Amino acid sequence: MALDRWIALAFIALVCVYGYAAFFTMDDSLPPILRRNPIWPSTFPKILTILGLIVGLVVLFTPKPKSNAAPKDGAIDLTRLGDYHIWQALALLVLMVAYALTLRPLGFVGSTIGFLVLGSVLLGERRFHILLPVAGIAVGAIWYLVQEVLGIFLRPWPAMFM
Amino acid sequence: MLEGLLIGLSAAISPFNLMMVVMGCLIGTLIGMLPGLGPMSIIAIMIPVAIGIGDPTAALILLSGVYYGAIFGGSTSSILLNAPGVAGTVASSFDGYPMARKGQAGKALTIAAIASFAGGTIGAVLLMIFAPALSSVALLFHSAEYFALMVVGLSAIAAFAGTGQVAKALMMTILGLILGTVGEGALSNMPRFTFGMMELQSGFSFITLAMAMFALPEALFLVMNPARAATGDSGKIDNLRISKDEAKSIAPVIGRQSVQGFFIGVLPGAGATIASFLGYAVERNIATKEEQAEFGKGSIKGLAAPETANNAACTGSFVPLLTLGIPGSGTTAILLGALLALNVTPGPRLMTDTPDVFWAVIISMYIGNLVLLILNLPLIPYIAKILTIPRSFLIPFILFFTLMGSYLGQNNSTELLILVGFGVVATILRFADYPLAPLLIGFILGTMLEDNFARAMQLYRGFGFILERPMTLGLLVLAALLVLLPSFRTYRARKRAEGVADGD
C-alpha cells in the first residue's frame, strides 16, 4: 500500500476518535440551558466527522492514476529514501527537541549556541574558528533584538544565575 | 478614493513605515533566494517580528514587503541557478536560466525586475479599483452568506489543487478544520478536544502550525536532499541594461500579463504559480513563429510573461483577503492570521473601520515595488552572494528561526515540541504529495467558519437559512460543483482510459 493510502487510513482513524468524542462524550457536560440552542459546541465537529469520513474513504479507495510525469527536479523520491541523508534529518529533529527541553533550564544563550554549533557539526561543518564566532554574534544580536527591540522577555542565562 | 489614497500615503510615508518596506523587501529577497524556502515559510518566520511591532499598519507593510521580496528573490535563484526558490517562479527559469547561461544574467535580472515592478504596480492599481467595489457588495452579506462564501473558498482551493489531488486537498482542508476546533470555542467557552491538557486550552497557535507546515519540511528536505540546494557559483552579473527595442517588445507582454495575472490571483486557490505558467503558455501561443522558436532558449518575452503574471497575481490575491477576509492562498492565509493576532479583522468593514491600514497597504505595494526596482536590482550581485553560504551554516539557522518564531508567539517551550511533532507529520504528508496549504487555510478559516455558521443557525433556529437565503444556497451549490466536477472528469477520463463505456 502506498504511503498516501496509509495516511488516509491514519486520517480515518483520527476522524473516528474525533467523531467519538463529538458524538458521544462532548454533549454530556453541556448545561441544560444550552441544550435548547439550535447549535451545540459539538454540531460543527459532528459535520466535520461525517465529511472527513467520506473524503478519507474516497482517498483510500480511489485507484491511483498512472502518472507518466517525470519526477520533479529536486523532489524527494520515496523509493530511493535510503540514498538521502535521512539520519541527519532525524538527528536535527532530536536536536530540536533537545533545544525545546533545555531552553528554560540552560537559558537562551547556552542552549542556542549549543543548537547552532551542534547543528552545523551534524551537517559536516568542522571550521570551529568560523562557526563559534558566527553563532555567538548571531545569538547576541537576536537576544538583543527580542529582548530590547521587541520587548519580549527571554532569560539569557541558566535559571540559577537569574 | 482620493481621500483614502491620501490617508494611506500619510501613513505609509512615515519614516518608520518606509524603513519597514525597505527592510521587508531586503529580507524577503535574501531569504527568498535560498532554494526551497518559499514566501510562506519566510512570512511565517517574520510574523513574530511583525506582531512584536504592535502597529498593524507597519506589520502588514513589513509582511507584504517580505512577500514581494521573496517572489523577486525566487526569480533571482531561478535565473542564476535554475533552482527556483518558489513554485511561482518555476516558469521564470524556462527562459531566464538559458539567458544567464548565454552570459546575459544581468539583462535577465533587469527584465525580471522591470516585469515584476510593472506587474505589481498595475496589479495595485487594479486592486485599488476593485477592492472598494467588492467590499461595498460584501457589506450586504450576512453570516449565512459568509459561511457559504468560506465554504466556496475552501472548495475552490481544493478544486484548483490539480488532477487526482482534489480529494487529497479536501482531506487536508478538513484536517485543518478539525485542528481549528481544538481549544475553547467562541460559542460556549467549553474546552473542546483538549484531552485535559492545559496547553491546548487556547487551541493550536497558527504561527506554530504555519512554521511546521512550511518552514520545517523545507529545511528537512534541504538536509535530506542536498541536490535541492544547488549552491555554488552565482556567476558574474554585469551589464544590467536592456535596449530600447527589447523594452518595446516586452511592453505589450507586460500589459497583458498584468491584467491576466491579477484576475487569476483573485481566484481562490489559483495564485501566482498558475498565473505564471498560464502567462508563459499564453504568450508563447500568441507570439510570432520566429519568436516562438526562441521560447525556452532565452526569450525575453518568455521571461517577462511569468515574471509579470506572478507579481500581478500576488497583488490580486490580496483582493479576497482585504475585502472578504477570506484568504485565497497559503500566503494570504498566513497574513490573515497575523492580522487577527494584531486585532485587525480583514473584511468589508476594514475600509470603513481602519481605512489607514487598508490604504497604507496599497500604497506600500507601490513603494515596495519601487524599492525592489531601484534598491534591490543594483544590489543583486551582492545579495546573490548569499547563495554561496554553505548549507551547514544555513540550515541550523533556518531551524533556529522556526523554533524562535513559534516560541515567541506563546513564550512556552511546549509549543516547540508541538512544532516538531507537526513538522514531522507535515514532512510525511509532503512525502505522500499531500498539499499543505489547504490545511493551514482550513485551520485559519475554521474558527470564522464555525462562528458564522453558528450565528446563522441561531438566527434561523436551525438549518433553514440554507433554503431561505437564495444566495447562500447558490454559493453552497457552487462549492459542491467545484469539488465534484473535477472528480467527475477524472473519473470519466479514467473510464475512457480503461476502454469502458461510461453510459452516455
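Backbone N, Cα and C atoms are what each Cβ position is placed from, and that goes for glycine too.
According to TrEMBL, the transmembrane segment annotation covers B:6-31 (among others).
As annotated by TrEMBL, domain 'DUF112' applies to B:18-440.
As annotated by TrEMBL, transmembrane segment applies to B:43-67 (among others). Beyond its flanks by at least six residues, the transmembrane segment (B:43-67) meets 11-12, 16-17, 20-25, 27-28, 31, 207, 210-211, 214-215, 314, 318, 331, 334-335, 337-339, 341-344, 354, 356-357, 360-361, 364-365, 368, 371, 401-402, 404-405, 408-409 of its own chain at Cβ-Cβ distances under 8 Å.
Residues annotated as transmembrane segment in TrEMBL: B:79-97 (among others).
The feature transmembrane segment is assigned by TrEMBL to B:109-134 (among others). The list of residues near the transmembrane segment (B:109-134) in space but at least 6 beyond its ends in sequence, with Cβ under 8 angstroms from a Cβ of it, reads 1, 4-5, 68, 71-72, 75-76, 79, 92, 96, 237, 240-242, 246, 250, 253-255, 257-259, 261-262, 265-266, 300, 303-305, 307-316, 318-319, 322-324, 351, 358, 362, 365-366, 368-370, 372-373, 376-377, 380.
Per TrEMBL, transmembrane segment is recorded for B:146-162 (among others).
Counting residues 6+ beyond its ends, the transmembrane segment (B:169-188) has Cβ neighbours under 8 Å at 154-155, 157-158, 161, 194, 200-204, 209, 429, 434-436, 438-447, 449-451, 454, 483 in the same chain. Among the features that TrEMBL reports, transmembrane segment is placed at B:169-188 (among others).
If you look up TrEMBL, you'll see B:200-223 (among others) marked as transmembrane segment.
The transmembrane segment annotation in TrEMBL covers B:262-282 (among others).
According to TrEMBL, the feature transmembrane segment maps to B:326-345 (among others). Residues of the same chain lying 6 or more positions beyond the ends of the transmembrane segment (B:326-345) and with a Cβ under 8 Å from any Cβ of it are 39-40, 43-44, 47, 50-51, 54, 56, 59-60, 63-64, 67, 149-150, 153, 156-157, 206-207, 210, 214, 265-272, 314, 317-318, 320, 354, 357, 436-437, 440-441, 444-445.
Summarising the annotation, TrEMBL assigns transmembrane segment to B:389-409 (among others). Long-range contacts of the transmembrane segment (B:389-409) within the same chain: residues 34, 37, 44-45, 47-48, 51-52, 205, 207-208, 211-212, 215-216, 218-219, 222-223, 226, 229, 231, 415-416, 418-419, 423, each at least 6 residues beyond the stretch ends and with a Cβ under 8 Å from a Cβ of the stretch.
Distant neighbours of the transmembrane segment (B:416-449): 40, 146-147, 150-151, 153-154, 157-158, 161, 165, 168-177, 179-181, 185-186, 199, 204-206, 208-214, 216-217, 220-221, 325-327, 329-330, 333-334, 336-337, 340, 402-403, 406-407; these residues of the same chain sit at least 6 beyond its ends, with a Cβ under 8 Å from one of its Cβ atoms. The annotation transmembrane segment is assigned in TrEMBL to B:416-449 (among others).
If you look up TrEMBL, you'll see B:469-488 (among others) marked as transmembrane segment.
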How about the transmembrane segment (B:469-488) and the transmembrane segment (B:146-162): at least 3 CB pairs under 8 Å, pairs 6 or more apart in sequence, or not? yes
Residues from the same chain, set at least six apart from the ends of the transmembrane segment (B:146-162), whose C-beta lies under 8 A from its own: 168-170, 173, 267-270, 274, 320, 324, 326-329, 435, 437-438, 441-442, 445, 448-449, 452-453, 456, 471-473, 475-476, 478-480, 482-483, 485-486
